[in-house]
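Here is the structure we will look at, set down as structure tokens.
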Amino acid sequence: ESDLKVTNVDFLKSQNSVQHHTDAYETTSLVVRRGQAFLLQLTLSRALRASDKLALNFSIGERPMKPLGTLMSLNPRSTRDTGGWHITVAKSSGTECLLSVTSAADAPVGKYSLSVKTGSNVYKPENNTIYLLFNPWCETDIVFLSNEAERNEYVLNDTGYIYVGSVYSIHGRPWNFGQFEESILDTCMYLLDKSKLKMSSRRDPVIVSRAMSALVNSNDENGVLLGNWSGKYENGTSPMEWIGSVAILQQYYKTKKPVGFGQCWVFSGVLTTVMRCLGIPARSVSNFNSAHDTDENLRVDVYLNEKGEKLKWMSVDSVWNFHVWNDVWMKRKDLPSGFDGWQAIDSTPQEQSQGIFQCGPCPLKAIRDGEVYLPYDSKFVYAEVNGDKVYWLVKEENGSRKYVKLNVESQSIGANISTKAVGQNRREDITQQYKFPEGSPQERASMQKATSYLQPSGLVPRSGFGAMRTMSMGLDNVDGRAVVQEEVVPKSGVELAITNEKPLYPGEPIEVVVTVKSTAAGSWTVALTGSCQLQSYTGKVDASLGYINETVKLEGKSEVRVPLKIKPDAYMKALAAAEDEEHVHVTAIAEIQGTPEKLTKEAALSFEYPPIQVQMPETAKLNKDFTCAFIFKNKLNVPLDNCKLMVEGLGMFKMATFEEGDVQPGRIIKSEVICTPTRAGEKKIVAKLTSNQVKTISVEKAITITH
């Protein structure tokens with residue numbers, strides 16, 4: 001009787017990875033998804049007999065043990081239940097034995113090792129690592145997503161857009177998620193280990209996604225990204241310069257130290273990468289006019305001086321032009337029924353939850369219905385997308401301050417919530433998934449329900465961004481209890497509008513018009529004040545540029561246009577000196593004489609830039625080189641100093657940076673890269689130009705790679 005030995009294990013990588021939608025991962029190991037069969041080909045020293053003992057051992061973690069479900073010993077001849085794992089002999093001829101293995105649909109995700117035991121012999125394949133991921137294709141996995149197009153977008157798409165700008169001027173910033181690139185999967189495995197989650201917790205995408213929201217920021221456990229909103233980025237990379245997650249995660253994996261620097265869209269882009277890499281469907285979500293309120297009173301107070309300038313030192317709450325977080329898709333077995341589907345998670349460090357900077361998962365349905373007691377962090381997310389904006393005028397009178405309530409806006413917070421559309425390069429508005437239509441009876445009911453659960457909990461102001469001592473001024477809702485503010489309806493029929501006459505180009509005059517309009521009969525005298533400031537997306541004021549102070553007379557239905565023109569020398573120095581991407585923020589206050597009525601209006605206007613052109617063929621062949629050229633002409637009438645062009649093509653070439661120096665007006669720069677496509681399908685090339693004056697110009701172009 002010769003001993004049965006295993007002489008080889010073929011992981012049938014190319015066959016299995018196509019079946020498991022993992023063929024894009026750049027790794028030599030087998031990557032499979034849980035709850036789905038994969039094949040292994042064993043070569044034996046002799047033909048398999050009925051009496052032979054054969055077992056495959058799959059183990060995970062430092063101390064694998066059968067009772068904990070971290071060691072599975074699978075015997076094709078035994079019918080004993082092994083924690084939902086199954087093995088069968090698919091085919092056996094001569095010394096070749098084909099086995100089919102199916103892991104449990106709730107198995108812990110991570111890195112497994114395989115060994116094969118025959119009698120007393122143990123065979124360990126040379127590369128015996130198998131990565132096991134969540135499986136949105138499997139009906140019994142709680143991340144199951146039934147729609148094929150959605151799986152292609154939210155799990156398999158390695159490129160996309162993150163929406164930035166301001167509520168009336170939204171633009172998509174191309175972002176390379178790159179979840180299949182070299183060492184990204186290993187970085188995610190490292191983060192799972194670093195999370196110190198019990199192996200049993202790794203079965204659950206609710207716990208895993210919450211842990212990853214904490215690990216993508218560096219605040220508690222030396223996670224991936226250092227947040228920085230100071231406007232000073234010398235000892236790291238400016239958040240404006242990243243074009244994707246790959247360089248960030250690769251640097252983190254190599255150094256095991258936090259990478260500088262991130263702001264909200266960078267945190268969200270990296271978290272989308274980590275989630276998609278692990279197999280949890282995910283999308284980056286942008287909320288415009290996002291409330292960053294320091295308590296739960298659902299009210300953001302904006303204080304203006306008599307010139308119409310925002311008083312930064314007074315406002316504890318702030319409204320960011322936009323904030324970006326993530327949605328992940330899963331069932332919530334831990335909640336009452338009805339809360340499955342999209343859940344919000346956020347890795348930007350803003351407020352501690354259970355002592356750690358983490359946020360979510362929080363069901364979108366809970367936010368929409370006002371069920372803000374449900375875990376995790378639903379009060380926090382609810383306050384970002386709901387709330388009233390209350391404007392106060394601060395007057396200095398005989399050395400003391402007087403606060404005059406100007407007006408209440410109940411519909412501006414949480415607008416145009418955006419993500420990339422499924423299978424298309426366009427923005428999809430998902431506001432209705434977060435809230436009922438403004439002013440609808442359901443919205444009022446939801447607000448009433450939510451406010452019954454909200455009380456300030458004496459939370460510390462959010463981790464020091466704009467954190468100030470709280471102002472208690474004997475204003476209404478003194479005890480901090482949320483009050484549903486009723487919007488003041490103007491009686492006179494006077495309205496304000498702010499527009500820019502022509503596109504804003506750096507180096508050209510900024511021309512803004514404030515229109516005062518009467519929609520009803522009668523004659524009105526209106527005292528109009530206004531200010532124009534350069535601000536970053538978080539509302540940080542970097543420069544004051546100009547003012548309006550006029551008295552306007554209106555007769556009957558009519559309008560008066562009040563222009564404000566700012567010359568280039570008045571703002572170009574400030575624009576170049578700021579390290580953040582600036583926009584022009586205009587605030588106007590109208591006091592209608594002879595009445596107590598006061599109106600306010602705010603607008604954030606974005607600069608426009610000349611484009612980058614990409615020249616390359618429309619199609620290319622796998623493993624055949626082609627050239628891609630990037631051309632930029634400085635059509636502005638100011639030089640762009642310290643220009644840098646960064647380009648990346650996933651599956652074609654590694655990220656490259658070209659230092660272009662100072663680019664004078666009218667000058668054309670051209671850079672080329674040689675691309676070698678290693679993966680078939682539609683691929684994208686992304687380029688980004690940064691300079692002192694213009695922080696970021698992005699472009700992307702698609703190419704189809706065929707066999």
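Every residue gets a Cβ built from N, Cα and C, even glycine.
Automatic, uncurated: that is what TrEMBL annotation is.
Going by TrEMBL, these are the annotated features:
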ACT_SITE  Cys264  active site
ACT_SITE  His323  active site
ACT_SITE  Asp346  active site
BINDING   Asn386, Asp388, Glu438, Glu443  Ca(2+) binding site
DOMAIN    256-349  domain 'Transglutaminase-like'
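Here the features listed in TrEMBL are placed on the structure.
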residue: Cys264; record: active site; CB count, 10 Å: 27
residue: His323; record: active site; CB count, 10 Å: 26
residue: Asp346; record: active site; CB count, 10 Å: 30
residue: Asn386; record: Ca(2+) binding site; CB count, 10 Å: 25
residue: Asp388; record: Ca(2+) binding site; CB count, 10 Å: 23
residue: Glu438; record: Ca(2+) binding site; CB count, 10 Å: 14
residue: Glu443; record: Ca(2+) binding site; CB count, 10 Å: 17
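Nothing from the binding-site residues Asp388, Glu438, Glu443 places its Cα within 10 Å of the Cα belonging to Cys264 (active site).
Within the domain 'Transglutaminase-like' (256-349), the DSSP-based counts of helix, strand and coil residues read 15 helix, 40 strand, 39 coil. On the backbone, the CA of Glu443 (Ca(2+) binding site) and the CA of His323 (active site) stand 22 Å apart. Across the fold, the C-alpha of Glu438 (Ca(2+) binding site) and the C-alpha of His323 (active site) stand 20 Å from each other. When pLDDT is averaged over the domain 'Transglutaminase-like' (256-349), the result is 92.
Residues Gly387, Ser410, Gln411, Ile413, Gly414, Lys435, Gly439, Met447 surround the recorded Ca(2+) site, their Cβ atoms falling within 8 Å of the Cβ centroid of Asn386, Asp388, Glu438, Glu443, which are themselves excluded. Cα to Cα, Asp388 (Ca(2+) binding site) and His323 (active site) are separated by 17 Å.
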